[in-house]
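J.: This is the structure, below, for whatever I ask next.
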């Protein structure tokens, strides 16, 4: 594959990471804790879409190689993820009388409950959406880019969702309230903002985007009960790289981490070509920059960012 | 505490939750004992369960030294457990790709040294971080360790894991041949269902003794450390790190000490596990082990060593109980059921009893301060007069 090919793959994978990281970042800044159940919220979205798609079928026509029924399933996936997240907030997080660390630990329990329920219902094996796999787009193959129409659909939907969120945050009342709350919850409250309601909307938006990300992840790879949890740390890496609490930072971080993840094979070619001395160092780096360590590279970047620039690339003040 | 001196008073002192824990534990033990006598539970398997419970207790002790004492959110328990297990396995196993065939004591030493180095490697960058960042960073680094173990085949045998690990007592003077040397016994407590005590049983009882020694040693060390001036600094850091720093304590150094101490105990659990299971694989570094230890600690009560012990037993009950349930009653896959129970326990504890079942307050009081007869000794003269000051208001 050529550089262009890796970049195209990176773009698609980044779309999924961005969808996940926005929600995680929103919840981190407004509900004020690291939500370890976020990855499993993605899984919930994916499996809800799987069930819906199985029930409604194709519904006639198709766009970008995906039947109409799939888009309906996508909407159901988003809705179910949002409803589950709001119910969890109402039933579990809100009545709790613990600090943000306690909430973090609780969210791990929630993550396990989500995953266990899915695993009991669907088993632990991989499944796929019942969509006919497509061949790569012919016109792009000469450039070494092997992406399918499905990938284009993933990228396009993600861009639409992100633009929608941008409009919501910048130009609507709710968006202004959310930004005010992320900035200073107490001040927002004394200004007459109903912080509880804003928090619920945060969960709806965050979990909805995560649900969409889960559906796309299922389309990009396959579905498994662990899919979300396995991606969670990568999403955390993206959020931290972008700066916790900053939505636009999370977008940038998600984009970068997704790119780095998919570009790892390219980097390993580069490393082999570079004249690194001494030789043992060259061997070491060549061994470490391989596809097996794609995630590990993201985690190391995350730790380095935490140490060197805890506010992330977006820095303080951006929301 | 003073059970031997004055059993009656010691029982009267128990709080309600302590009564509950004591009652449930005794009832549970009786149940297991009856099951064993009637042949429903083989003694060897029972001892295996004791070994597992001891192992989880060790893991929880280690985590308790980090989270319970100092408030470090360490999500890399599985990494230290796995490194301990791999450390000894690589030294002793016949299938080891690098060394193999050494005495398990060498394995123990190597495992502890490797865990020490890893604790420094993980601790140096992450311990300066804010609590929730530490959680994420340590989980990430634990995944890095797992990926390395999974992928560096020349070192760890990769996903095939390591087979042919000897028992811990191989090469010891008497104990190495003890299981074979013991006669096979046949007990018939309930007529018609005899209980056999043969070589595997004696082997398992040796393992049981080993874990009791490990866990007992760790418990004593931790109890002493927790009450010592050193432990008091750790507790201060946990409740208010700025205060500790204002008192002139190098909090980073104290955090590092508690991190290393806890990590070594976790590695000890890994060493025991390797010689109990006789096989280790990359699956043993799965993050679920980390969360098992976390459940044990928060259920028992953060900071409480007794609580950690109790939590370890509960974890084994959940782990093996779901397997048993699957065999006997409900045909549900035990893995997700276990996950569900763990999740429910976490949420329930945080919801109804965030301080845990056995919170540590009472543990931290020196017995002499209580048994002296109620009222504490009052000094003859006030502290201020003795210090010669007093006009600082």
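Backbone N, Cα and C define each Cβ position, glycine as well.
So TrEMBL has the following annotated:
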- B:20-38: transmembrane segment (TRANSMEM)
- B:45-63: transmembrane segment (TRANSMEM)
- B:69-93: transmembrane segment (TRANSMEM)
- B:105-127: transmembrane segment (TRANSMEM)
- B:133-150: transmembrane segment (TRANSMEM)
- B:201-222: transmembrane segment (TRANSMEM)
- B:259-279: transmembrane segment (TRANSMEM)
- B:291-316: transmembrane segment (TRANSMEM)
- B:368-393: region 'Disordered' (REGION)
- B:382-393: compositional bias 'Basic and acidic residues' (COMPBIAS)
J.: Cβ pairs under 8 Å only, please: of the recorded stretches B:20-38, B:105-127, B:133-150, B:259-279, B:291-316, which one is richest in them relative to the transmembrane segment (B:201-222)?
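T.: By Cβ pairs under 8 Å, B:259-279 leads among B:20-38, B:105-127, B:133-150, B:259-279, B:291-316.
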J.: Can you tell me which parts of the same chain pack against the transmembrane segment (B:69-93), counting only residues 6+ beyond its ends and a CB-CB cutoff under 8 A?
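T.: Non-local partners: 59, 62-63, 99-104, 106-108, 110-115, 118-119, 122, 127, 131-132, 134-136, 138-139, 141-142, 145-146, 149, 155-156, 162-166, 170, 225-226, 231, 234-235, 237-239, 254-255, 258-259, 262-263, 266-271, 273-275, 280, 282, 284-290, 293-294, 303.
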J.: Counting only residues 6 or more past its boundaries, what in the same chain has a CB within less than 8 Å of a CB in the transmembrane segment (B:291-316)?
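T.: For the transmembrane segment (B:291-316), the nonlocal Cβ contacts are 21, 25, 49, 52-64, 67-69, 75, 77, 215, 219, 222-223, 226, 235, 238, 266, 342, 345-346, 349-350, 355-360, 363.
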J.: Mind checking which residues reach the transmembrane segment (B:105-127)? Cβ under 8 Å, same chain, six or more beyond either end.
T.: 72, 76, 79-80, 83-92, 133-134, 137-138, 141, 145, 252, 255-256, 259-260, 263-264, 266-268, 270-271, 274
